[in-house]
Structure formats: structure tokens, C-alpha cells
Amino acid sequence: MFGEAGKTKFQIDLRQHLRDQNISDNLVHLICEIAEASKYVINAIRTGDLGVAGTSNLYGEEQLALDVLSDRIIRKRLQHSGVVCNIASEEMEEIFQVTSNPQGMFSVAYDPLDGSSLVDVNLAVGTIVGIYQGSDLLQPGRHMVGAMYILYGPRVSMVYSVGKGVYEFTMNQLMEFTLSREQIQMHPSGDIYSPGGLRKKYCEGNERFIRYLEAKGSKLRYSGGFVPDINQVLIKGKGVFMYPALTDSPNGKLRLLFELNPMAFLIEQAGGAATNGHMPILDIVPESLDQRCPIYLGCRDDVVKAAEFLNTPCKTPHEEPQP
């Protein structure tokens, strides 16, 4: 008689749902434009060139042809939306100013195809987007007016928030996004963990946190793709993702502006937490487009516990933390 918890009984399309959220027509239009771009990105993933592009991004990483194409698809959509003034992409060296619309209401930071190196082995990848009011992109993530990711897996799904809860939409056979989960919420604590980075390079506090998770029976679930790993933690509502500081990379690997802020926004909206181990991710003031940051995000109690281990010296060399 009753549908599955968190599912919607009747099909609701994305534009209709956004209008029901009582947000501005311009923000509705922008989110729908990004969703529309994803249809072309998934087509490129399924049919496009998997080779290298012969170029590098601002981090010195070799760009794949799919990176470049996905970036172009999304940037063109944003550029012609009529509501965006500044665009920052992980694949671009500097902010792209929309000269045709310098008075645009929003600025957008995005990773066009996170995990693109996984495409050739047919693993899930995704697009990550953060939306800010006005022209300033170097502001704390807490100032975002919207965040979303699109997961290109066995199904294409979009998870978004405009500060009024977290919703999931799934692409149907007509390539339309329809509501599939409403008001996604995380449990206080979970039983899965997704740890990035080489374990032998973890600091002492992070190693103790891992042993704590193992002792309480948490299961390791890590694909190497940021979007699918966060999606698992968020949709299951019971886990923690981390990419910590490493001995040779004290600032971690993931980018604050393009990856961490949007995901932290979504996780907090679902009742979870996100920290660099010392302060909430969303309170960090970015100093540059390419700023990196350690990250712990997921169930609130687990994230708090991670910070405790990181900020509490070990009492004895061989002390095993208790769950």
C-alpha cells in the first residue's frame, strides 16, 4: 500500500519540483541547464574517445579527451544560460568571465568529469557543481545557494540541494530526470568507510581512526571515484568518506572549490558533517582556485570521532582505540 521510504509515489520532473521549492526562476533555469548538459556528457562517456587530449590542467595532470569534451559541454551550457557571470572549472587555469552577461546573478564552480580515469575500466564517474550568488567564487562554501552532483553509473542520477534538503533524481529512458528520493537523511553513525590515499602515509591520528572503524566492524567500501563513493555514503545514509593529509601531501588531494564544498553542502543538508579535521569544510575561506584540503565527511558522529583522533595525542605507542 505504501511506497518505499524516501521514494516518491508519482513521477515528478525536475523543473516542476524546483518550482515547488520557492526559489528564483533564474536558479531553477540554471539547475535545469546543468541537468540538460549531463545528457550530452553521458552520451560522450558512452560513445566518445577514451584517449588523452595531449594537454594538461592547472595541476599538471594529463587531460583525457573526455575531460576536455565534458568541460566544453558544461561551460557552453553555463555560458549561454543568461544567468551566469563567472565560471571556474577544474580543467581551466583561470576563471572564465561570461562577457556576454557580466551582470549575471550566479557564479559556478564545477568538476566536469570527476574520476575520468575510471571510464576505460567502466567504473562510475560524475560531475560536481557548486553555485554561488554574485561574482565571487573565493568565498566559504556555506555561502553557496545550491550544490549538486550527477553520477554516471548503471543509472544516471542527480543529487542536489538548494538549502532545503537533499533530493535525488534519476534519468529515465526518455532522458528526463524524475524524482526518486526526497529529503535524504543520514544516520548519526554508520558501518561503512571509504578511505582514500596510501595507508602507510597516514598520520598517527588518522591511522588510529581507521583502527577504531575496523574495531567497531565497519566495512571498507572504496571505488576510487569520489562521486560514487560519496553517493554510497549519502544514499545509504550510514558511512564516512575520507581523504586525509598524507606524510608527503599535508593538504590532501581533493580540491576545496570544485569537489569538497559542493559535497560538504549536500552532506550537511542531509544531517551529516564535513571537516578537514580541525574546522567545518564549509567555513574555510578559499585562498586560490586550486586549493586542496583534507576531508572527512559523512555521518556526524563518525566525523566528530575522526576529529577527536586527529586532535588528541596517542597516550601509549600501541594503544588501540575502542569503538
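Think of each number as a place in line: the chain as shown, counted from 1.
Note: Cβ is positioned from N, Cα and C throughout, glycine not excepted.
In the record from Swiss-Prot, residues Asp111, Asp114 bind Mg(2+) 2; the candidate from Glu214, Glu259, Glu268, Glu287 listed for the same site is Glu259. Cross-referencing Glu90, Glu91, Glu93 against the Mg(2+) 1 binding annotation in Swiss-Prot, which names Asp111, Leu113, picks out Glu90. With a cut-off of 8 Å between CB atoms and residues at least 6 apart in sequence, the same chain places Leu64 near Ser117 (substrate binding site), listed in sequence order.
Using a 10 Å Cβ-Cβ cutoff, Gly115 (substrate binding site) registers 20 neighbours. When secondary structure is read from DSSP and collapsed to three states, Ser117 (substrate binding site) falls in the helix class. For Lys253 (substrate binding site), the nearest of the binding-site residues Glu90, Asp111, Leu113, Asp114, Glu259 in terms of C-alpha separation is Glu259. When every Cα pair among Asp114, Gly115, Ser116, Ser117, Tyr222, Lys253 is compared, the largest distance found for this substrate site is 16 Å.
Across the structure, Glu90 (Mg(2+) 1 binding site) and Ser116 (substrate binding site) are spaced 12 Å apart at their Cα atoms. Under the three-state DSSP scheme, Glu259 (Mg(2+) 2 binding site) falls in the helix class.
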